[in-house]
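Participant: Sharing a structure with you now.
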Amino acid sequence: MNTNLSLLLLLAPFLGFLINIFFGKSLGKTVAGIIGTLTVAVSFAVSLYFFGQITASKEPIQIQLFDWIQISNFKVDFGFLLDQLSILWLLFVTGIGSLIHLYSISYMHDDEKMHTFFAYLNLFVFFMITLVIGSNLLVMFIGWEGVGLCSYLLIGFWYKNQEFNDAAKKAFIMNRIGDLGLLIGIFILGMLFNTLDFSTLKIGISGATDLNMYWLSAAAFALFIGACGKSAQIPLYTWLPDAMAGPTPVSALIHAATMVTAGIFMITRMNFLFDLTPDVQSIIAVVGAITALVAATIGLVQNDIKKVLAYSTVSQLGLMFLALGLGAYEVAVFHVITHAFFKACLFLGSGSVIHALGGEQDMRNMGGLKKAMPITFGTMLIASLAISGVPLFSGFFSKDEILLVAFHSNIPLWLIGSIASIMTAFYMFRLMFLTFFKEFRGTAEQKHHLHESPSLITLPLIVLAILATVGGLISLPGNSWLNEYLTPILPKLATAAHHLGTTEYILMAIAVVGGLIGIGLAYAKYIKQDSIPAEDAAITGFSKVLYNKYYVDEFYDAIIVKPINVLSGFFRDTIETSLSSLVFGLGKVTNEISFQGKKLQSGSIGLYLFAFVIGLCAIISYLFLAQ
Amino acid sequence: MNNILNQIGIENYIFLSVILFCIGVFGVLYRRNAIIVFMSIEIMLNAVSLLFVAFSTYHQDAEGQVFVFFSMAVAAAEVAVGLAILVSIFRNVGSITIDNLKNLKG
Amino acid sequence: MNVSLILIILFVGALVTFLAGDKLASKVALFFGLAAAGCSIVLLNHFNLGENISFISQWISKPNVSFALKADGLSLAMVLLTTVLTAIITFSSFGNDYKNAKSFYALILFMSFAMVGTFLASDGLLYYIFWELSLIPIYFIALVWGNGDVEERRKAVVKFFIYTLAGSLFMLIAFVYLYQKAGSFLIEDLYKVTLSATEQFWIFLAFFLAYAIKIPLIPFHTWQANVYQKAPTVGTMLLSGIMLKMGLYSIIRWQLPITPLAASEYKYIFIAIGIAGVIYGSIVALRQKDLKKLLAYSSLAHVGLIAAGTYTLTLDGLRGAVLQMIAHGFVVVGLFYTAEIIYRRYETRVIAEMGGIRSQTPKFTSMFLILVMASISLPATFNFVGEFTVLYSLSQVNVWFAILGGTTIILGAYYMLRMFQHSMLGETNSKVFADVSMNEGITLVAIIAVLLFFGMYPKPIIDLITPSLEEILNQINRIN
Amino acid sequence: MINIPDFANASAVQIIFCVLAFITLLTAFLTIYSRNPIHSAIYLVICFFSIAGHYFLLNAQFLAIVHIIVYSGAIMILFLFTIMLMNLNEKKEVHRPRITRLGAIVSFVLISLILIAIFINSKPIVGEYTSTGEDYQSIKVLGKVLLNEYMVPFEFASVLLLVAMIGSVLLSKKEKLEK
């Protein structure tokens, strides 16, 4: 029963993919969209069933299908592990997935290749489910790389534009750098523990007494590099902003809610490993904090509505990594969930705006959309409040817990996180004010076409906005359902103390005040002063550095891409030719020897005879006299 | 039976034929006239034949002489063909000096 | 029923194809190719049932040479690869018109015959004869039916011929030396020969030269790119799909078990050479303008990794190498075939002259993309299984080897995606790109099906090759 | 090893041997040394006669006779005819470069030394020459050996001579220039 259901869970989106890719064109756009949405909805329903089962039984479901890869000291099964963590992830992947599918039916309706789009989306969900429910690291790796492939396909969905293709390629390759790290981590774990299975690994690592800390840390660090690639952390984050080249639903689904959280999922899955390697944990925390800050500063000055959201995503992911690094996995997971709600909502809302403006993404050309698009505005406002950490919205609870944890372990990290949160509030409301308030700054034609999006678009927005509001309920401070739910995965939770003291309340207040300061600053600048971000050419000073993203892309280009290309040219033109001429040179030497040797063949019989006699002498003396 | 070798000794025949053979070799190398070279070759052949006969006596065996007999037949054939070739070379080139025959030059 | 049947089918097939005349040649060749593939599958079945399908008979009494064909799992896997690919390659050429087709197809079958012989032979001299025999047909195929300037082609092909021949001579010398010691060319007897460390080193080196040129490993690869470019696509497929596997197979079958001491003594050097090939090939591939050349260098990178896997002397290394050999055989044939499909329509192999094909033919693009993904070993393709196992074995030797070898997954993705982007994506090309024909579609789907099926379920092949690899590993470890 | 002949007590056979050997070597040398090919040929005839004399000395009468017939008779006549046909004389002899002469002398010395050294180094020769008394070199015996054991080579020799005859006739025929 469970086996069949899990297969249904996994294969329903795959079936959708097959139908859409092979018959999508003849089925028509709407049918293709409905098939795509329904198959994901089926998975969601199955996930709900499993959720019910696990809350009742609290026993993880292990499913083994067949032997996959045979290694000398262990074998890798193709199997599933449905425990609290994976089911939680399944719920929001398939849940938000179906909402975004629904949204896309309307959003992508004008695109001639809508069936392909749905096929890819379905394929993505399929791989994401594989990633989440894989019972060992390698099955997870299938999903891990598979979502990378889908991300590549979807970023480059409008493949006629080579810049989009470049962005897609960049995303794929950056991810692959991380994947190499993940693979190395898998190798080390395989060698150390002779298994890749999560449950066996857990027993092996927790139960072992004489662990080799050096290799354990190496494995944890390698896994973390993998997570960095997938979850866009420094130094591998630059692909995510570029990935906004894809259609907006893709940005919402893949690059905000689901795929980028895979790194957090993986680290949470492997918490038993990371708990033993405090050095790596502190690296994770620091990297997360710095990423949060750097991305937030860049987000302050971006003018492309999706880019702002992208940097905000990177920044929020940084906060989650901060939590992971501090060992507060449940907090990170909590933030992943709330973030999925409000960030998906924000992306879909921005998509709705872009849709209404006929593809315009520059906030300098927006403004005053509040009246034309009330639902979009309302939902996005809720989501912005949530992300800014305004009390009672979901983001408040999750972000606050992260900062709380940070404060208890390391004050500088807390400070960095707090600054990043203030900045988040600022740029989110900058976005809101620039987009929805004041007068419309676009062309007259755009203004003429301004309209609220159709209900297929607004419905998911509303649902997500509601979730963004109430999502915090799953883990209220002091009385956390989530912590209780995750206890089997994170055994530490059972013993952790949950009490709210004065410090906690003060910190909360600081966070709230910080958020409000951010909002207030944005209000002062963009509503009171009515300033509009300058044209690209007019940006100067530090904001120019920020606007150009600290020139990190250029830096990578200069120290990695260019040298490799130069090296490639050097190899191709110099080394290859010289190696080739070496071989030809060998031939030439032979030729030359034979040419010189030809001269011995003088035709002079006298000489031949002389040589003959001398040779005879030599042979005879060798045969008879040499002994 | 009185053996001739008792009086002369096989080694003398050996030295004789070695020297004869070497004279042949010397002739082959020293002279440029193809006919003389040919004659030198005959001398070398004879040197070997002489040794054959001497050893035939030494071993009291007829086979050595049989071989000389065959080598004579071959020598006769060789001379006939060789001289015919020389004649035709002379006709074509006008000289039988072996220095002039360099068609085999590589 | 024994394995000589496959050889007979292929040899007779070559003759019949030659006699069948130009019109029928391709179909006759396909028939015999399929017959051979079917025969090898039937034999595989017999083998799995535990029957003895080897064949041995005295051939020459002095020197002591036997006509010995030994079929174990490893050989059978390679034979299966050869026969199936031969059928696919023959079928793939249906869209082309070749002058003197009867000779062309006869040569394909003959080459297949020689390669199957190489994989099966368990007598050193017989193996050597088959090994050299396989060179003759590809020489003519590349020379007569190749493309580009005749003079340049001749230069490239003659270089290839002499180069590989020269390399093989060292192997012959090694065999002669071994024969003097063993008094027989039979592989079992050669395994039993005890050699001093110095002898092993020289024999190992002699074998290595032959194989390094054939595979090719850097720095012996200079023939490769030019020949791949100049040869007709069928020739390129035969070369890259099967022939270079002969070298890799031979490392496992002949070189390592005969000279285990040298192999374990110098394994770091040879792993390093393989990995250097991975990085070097990938980097050179980055800036190739010619599609076939790019694929040639990618092939260089992949075989470097496979060779590194074999030299680890671990079960995983050998197993991964064999898996990757099979996977690479299929994927590289598929990729070269896509190059051929594009060439049939656009008459060019220069990547810059392509582009914008995707909007015209989504089917072809999808299949191409799957092949590209398989080539960069995305999980769930067969290549991943092989590459994972090989990289794992490298990490067992030294994690840095795995990291350096693993750069292939980054660099490979870089050049393959770049190639894909510039050849397939972008604004719609002004030139019309006809959709894939029936033949082309069947060929590509067959290849993709193999790659995906074994990517998810490689167990049959793993089970097939593992016992024989374990046996070879026992031979390798016999001294230590 | 080389026994200096004791001329004072030499037997007749020994003296004959020495004389014959002297003639053989001298004429052989003169054959080579003489500038006139006709003279060379005549010296060579004398040389062959002296070798035939050696054969007589060794009691190989049949061979000696055949030798005179074949060599002195047939072969040398052929030589003489050819020389006369080509009208060779001293003047036609080309100048030999010094290096050639030097090379020839060097190799002569070399090969002589080597051969002699070999024979000196080889196993000492048995001093006593026993004789079984069996007849081994009369014409009767030779004929039996030749026509029994060596019949096939004998026939081949005849074929060889035939072929040589045809070949030389063909070779020396004036070529008809066909265009």
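In case you wondered, yes, glycine gets a Cβ from its N, Cα and C as well.
Whatever TrEMBL says is automated annotation, not expert-curated.
Keep in mind it's a predicted model, so treat the numbers as computed, not measured.
Got these off TrEMBL a minute ago, pasting:
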- C:6-21: transmembrane segment (TRANSMEM)
- C:67-91: transmembrane segment (TRANSMEM)
- C:103-122: transmembrane segment (TRANSMEM)
- C:122-407: domain 'NADH:quinone oxidoreductase/Mrp antiporter transmembrane' (DOMAIN)
- C:128-148: transmembrane segment (TRANSMEM)
- C:160-180: transmembrane segment (TRANSMEM)
- C:200-222: transmembrane segment (TRANSMEM)
- C:234-256: transmembrane segment (TRANSMEM)
- C:268-287: transmembrane segment (TRANSMEM)
- C:294-313: transmembrane segment (TRANSMEM)
- C:325-343: transmembrane segment (TRANSMEM)
- C:364-385: transmembrane segment (TRANSMEM)
- C:397-417: transmembrane segment (TRANSMEM)
Participant: Which sequence positions outside the transmembrane segment (C:128-148), separated from its termini by at least 6 residues, show Cβ-Cβ distances below 8 Å to it?
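Facilitator: Same-chain residues near the transmembrane segment (C:128-148) but 6 or more away: 98-100, 103-104, 107-108, 110-111, 113-115, 117-118, 121, 154, 156-157, 160-161, 164-165, 168, 171-172, 175, 227, 229-232, 234-235, 238-239, 243, 246, 250.
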Participant: Please give the sequence-distant neighbours of the transmembrane segment (C:364-385): residues at least 6 beyond its ends with Cβ less than 8 Å from one of its Cβ atoms.
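Facilitator: Answer is 298, 302, 323-324, 326-328, 330-332, 334-335, 338, 341, 357-358, 409, 412-413, 416-417, 419-420, 424, 433, 435-436, 440-441, 444-445, 447-448, 450-456, 458.
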Participant: Counting only residues 6 or more past its boundaries, what in the same chain has a CB within less than 8 Å of a CB in the transmembrane segment (C:325-343)?
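Facilitator: Residues 77-78, 81, 85, 88-89, 92, 233, 236-237, 240-242, 245, 248-249, 291-292, 295, 299, 302-303, 306, 349, 354, 357, 364, 367-368, 371-372, 374-375, 381-383, 385-386, 423, 436, 440, 443-444, 447-448, 450-451, 454, 461 contact the transmembrane segment (C:325-343) from elsewhere in the chain.
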Participant: Which one of these stretches, C:103-122, C:200-222, C:268-287, C:294-313, has the most C-beta pairs shorter than 8 Å to the transmembrane segment (C:6-21)?
Facilitator: C:103-122
Participant: Considering only Cβ pairs under 8 Å, which range in C:103-122, C:234-256, C:397-417 makes the most contacts with the transmembrane segment (C:268-287)?
Facilitator: C:397-417
Participant: Apart from its near flanks, which chain residues at least 6 from the ends of the transmembrane segment (C:160-180) lie with a Cβ under 8 angstroms of it?
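Facilitator: Distal contacts: 63-64, 124-125, 128, 131-132, 135, 139, 142, 190, 193, 199, 202-203, 205-207, 209-214, 220, 223, 226-227, 258.
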Participant: Please indicate, using numbers and ranges, the residues of the same chain that are 6 or more beyond the transmembrane segment (C:103-122) and have a C-beta under 8 Å from a C-beta there.
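Facilitator: Non-local partners: 3, 6-7, 10-11, 13-15, 17-18, 25-26, 28-29, 32-33, 36, 54, 56, 68-71, 75, 78-79, 82-83, 86, 89-90, 129-131, 133-134, 136-138, 140-141, 144-145, 186-188, 234, 238, 242-243, 246, 249-250.
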Participant: Decide whether the stretches the transmembrane segment (C:67-91) and the transmembrane segment (C:234-256) have at least 3 CB pairs under 8 angstroms, with pairs required to be 6 or more apart in sequence.
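Facilitator: Counting Cβ pairs under 8 Å, at least 3, so yes.
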